[in-house]
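**Q** Per TrEMBL, the features are:
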| type | residues | note |
| --- | --- | --- |
| DOMAIN | 77-201 | domain 'Nose resistant-to-fluoxetine protein N-terminal' |
| SIGNAL | 1-19 | signal peptide |
| TRANSMEM | 356-378 | transmembrane segment |
| TRANSMEM | 398-417 | transmembrane segment |
| TRANSMEM | 481-501 | transmembrane segment |
| TRANSMEM | 513-539 | transmembrane segment |
| TRANSMEM | 567-584 | transmembrane segment |
| TRANSMEM | 596-617 | transmembrane segment |
| TRANSMEM | 637-660 | transmembrane segment |
| TRANSMEM | 681-699 | transmembrane segment |
| TRANSMEM | 711-733 | transmembrane segment |
Amino acid sequence: MILLGKLFTVCLAFTYVRSETEIDLTNVGLPVKFPLNAGDRLNVELFVHLRKALTTLKESAIDSGQFLHDVKSTAVGQQCAEDVGYLFNDTSVLMLYLDAFGKDADGLLQQNWFWAGDMKECSNIPAVYNNITKHMILSRYMVVAFYWNAQPVFKNTGKTIVTGVCVPRSCNESDVPQVVNYGIHKYVPNLTAVLSVKADNKKLDIGAVTFLSITGVLCAVILIATIVDYVVSDNGPVNVINKTEHETSELPYSEHHDDRSRLLSGDLFASNDTELSAQFSRMTFFKVVQIFSVYTNGKKLFGTETAVGPLSCLNGMRVVSMWWVITGHTYAFVNTFVDNNLEAAKLITRFSFQPILNGSFSVDTFFFLSGLLVTYLAVKEIKEKRVFSWVYYVFHRYWRLTPIYAFVIFYYAYVYIFTVNGPWHFLFNLPDNGLIDYRRGLDLCKKYWWTNLLYINNFYPNNGSLSGTCLGWGWYLANDMQFYIIIGPLLLLPIWITYIYQHKITDITKKVLRLTSLIVAVVLVIACVAIRFGLTYYYGIFDLFLGQPTKHKDEAYAISGPLYVRPYARCSVYVIGMLTGYVLASKRNRIVIHRLLAFIGWCFAFGVGLAVIYGQYYYYHRLLEPNPPHMTQLQSAFYISLSRTAWALCLAWVVFACVAGKGGAINDILSWKIWAPLGRLTYAAYLVHPIVIFTYYLSLPKAIHFSDIEMVSICVSMLVVSYVVAFVVSMIVEAPMIQLEKFLLPRLKIRARIQNRFPNLLSGSD
């Protein structure tokens, strides 16, 4: 009979530890030379012990009675020992348990360190009645971690061998390692099962109940509003309002047009108070219905017309950058979930992988676009209306970003855990596991959600590090809000003064004010570059690897801390975007570029862009060599300090060229109408896509085998699913909040106007 303890031994993995030489493995049955020179490599001593153990186990037999007697003499719980003993007497059920165990698999020399087994099969094993102890034996899936010589097997990463096991539910976390150790110490004395982890006890807490209740109410309102909006309309909800006795021709608060002239004109109030009251009530009711209607909001979202007209190329830039972000994160998170880690690690050496490896520049594209649009729209507003509310400037941004942000935060904190049901979540309960702890973010969100909603999460908690804050990817929103509130007014205020007081100040004063904005912008860019240069030296950074340890203790990681999430290290791109937006708005999009200049500009953009993306390829390509070259400290400082600013200059040229008609095929592609609806989902997709990726990876029943075709399939799937989820979340939260703002704010002025002209209309009196 194959015994429980023997099976644990058979299920052990071969592993890697750091070495700097080549080891000939022919003496242990592997007639190959394996290069042991970079990262984790094969622990030859462990390998030999395991090979001997496996051979011995195949030829040996252990007396089951003696095994159970010895197990009972340990500190294993009596009920656990009794249930294990009972299973030994029921071979048919025992085989179900053993079949669900994690077993040695392919890719042992590719660092296949987690043998998951079959969690679902284990959970589906039928209960067995133990007629000796008079109770039902239920199955439980657990994972067991092993140490070699009392240390994690992968010393430099903290990872260790982990295998899935299926045991009676009466066996707890302390029982299983003792049973395992009894079975393996005879054959591999230096390998020890140190602990086991069972599934979390998932229970709905008050936070989850509250979130689900609010979401349920919202969904019910949206469903009712959508049905009413669609059913009562012949050809759309707008026509219902048009059928009033006093036709208003169009809603005054459409998505891209805020013309209030019809509603505020005297023609609207030509009838008596009773008719006006009825008309106003009908308009208000159907407008409220439309705020929550998927029918109306969906039509607006999928519309291909844009508000920025000549800047239609921005839609393509926004969507392509979002795809770049999703693809980069799909690759970034996959390493834990593959059974051939060393093959996956070789990606970094490939020329074709450099754009994905340098995917962080996609975020700089968002900073650039944000700065451009803020300035472009603000300057147009100031020039055309000579009115600009700084209070509304801040309120609008906060209202636009925060509701859906809060929705995703509380979903992640309280509900996300219930959507994942796979063996990988067990790993994050193992202490010092060397893994990115995705679940730590759940606890951080429960405790520090307010830092995200105040947009200070790039400073607090844990110094704003990517792994130490709620929704690690929310660092971008914190920076964007800080740029918007601080840098935006700093550069826009002098411009605002020149237009608001244009008849009260001289032309020289106007020029001085504009020059002041330009000087401040240039100083900010230079300061940002200088700060990045200094931080590179201060932290001793030689490349752009995320997670590079620092030589100082004030930050956990150099890249993910001060150089990545701090506004003073990222603002140059935003400022260049603002300067681009100002030029476009002041020139009214009439940019003239001569053919020779266009040729030079495109050569510059392509040359600099390629240098930014492939600037470190020489070093990455040789990274797995025995003595790989590295950038000097000076080279690294120049690259890290200038690369993002250079990227922003390339983007500025692309926008100028497209607006001036010198974009050619690039402008044609970036201006496709299909980008418009996808662009409207960009913000929602950014918020939800990491959760989509986590859910997929953590729900995998087993490790995936890394290959190009597999990753292409996963990336496409993550893109599609992320946008589908983004659409759902947008319809529930984002779109209604946008329409609610457009509905409420203009009507504050309308009510005042109506109250002045018709005092009885809104009071309800005759």
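Counting begins at 1 with the first residue displayed.
Placed from the backbone N, Cα and C atoms, the Cβ positions cover glycine too.
A TrEMBL annotation is a machine prediction, not a hand-curated record.
From a predicted model like this one, the values you see are computed outputs, not experimental measurements.
Help me see these features in their spatial surroundings.
**A** Counted with DSSP, the domain 'Nose resistant-to-fluoxetine protein N-terminal' (77-201) comes out as 38 helix, 36 strand, 51 coil.
Counting only same-chain residues 6+ beyond the ends of the transmembrane segment (356-378), those with a CB under 8 A from a CB of the stretch are 308, 311, 314, 317-318, 321-322, 324-325, 327-329, 331-332, 347-348, 388, 393, 476, 479-480, 483-484, 487-488, 491-492, 544, 564, 570, 573-582, 584-585, 612-613, 620, 643-644, 647-648, 651-652, 655.
Long-range contacts of the transmembrane segment (481-501) within the same chain: residues 367, 370-371, 374-375, 378-379, 382-383, 386, 388, 390, 393-394, 397-398, 401, 455, 458, 509-510, 513-514, 516-517, 520-521, 524, 567, 571, 574-575, 578, 582, each at least 6 residues beyond the stretch ends and with a Cβ under 8 Å from a Cβ of the stretch.
Sequence-distant contacts of the transmembrane segment (513-539) (same chain, at least 6 residues past either end, Cβ-Cβ under 8 Å): 487, 490-492, 494-495, 497-498, 505, 550-552, 555, 558, 562-563, 568-572, 575-576, 578-579, 582, 633, 636-638, 640-642, 644-645.
Beyond its flanks by at least six residues, the transmembrane segment (567-584) meets 311, 364, 367-377, 379, 458, 478-480, 482-483, 486-488, 491, 495, 517-518, 521, 524-525, 527-529, 531-532, 535, 591, 644-645, 647-649, 651-652, 655-656, 659 of its own chain at Cβ-Cβ distances under 8 Å.
Counting residues 6+ beyond its ends, the transmembrane segment (711-733) has Cβ neighbours under 8 Å at 215, 218-219, 222, 294, 297-298, 301, 323, 326-327, 330-331, 334, 403-404, 407-408, 678, 680-681, 684-685, 687-689, 692-693, 696, 704 in the same chain.
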**Q** I need to check the long-range neighbours of the transmembrane segment (398-417): which residues 6 or more away from its ends have a CB within less than 8 Å of a CB in the stretch?
**A** 200, 202, 205, 207-208, 210-212, 215, 439, 441-442, 445-446, 449, 452-453, 470-471, 474, 477, 481, 683-684, 687-688, 691, 694-695, 729-730, 732-734, 737-738, 741
**Q** Within the same chain, where does the transmembrane segment (681-699) have neighbours whose Cβ lies under 8 angstroms from its own Cβ atoms, ignoring anything closer than 6 residues to its ends? I mean 6 or more beyond.
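**A** Non-local partners: 301, 318-319, 322, 325-326, 329-330, 333-334, 336-337, 401, 404-405, 408, 411-412, 416, 419-422, 424-425, 438, 471-473, 476, 714, 717-718, 721-723, 725-727, 729-730, 734.
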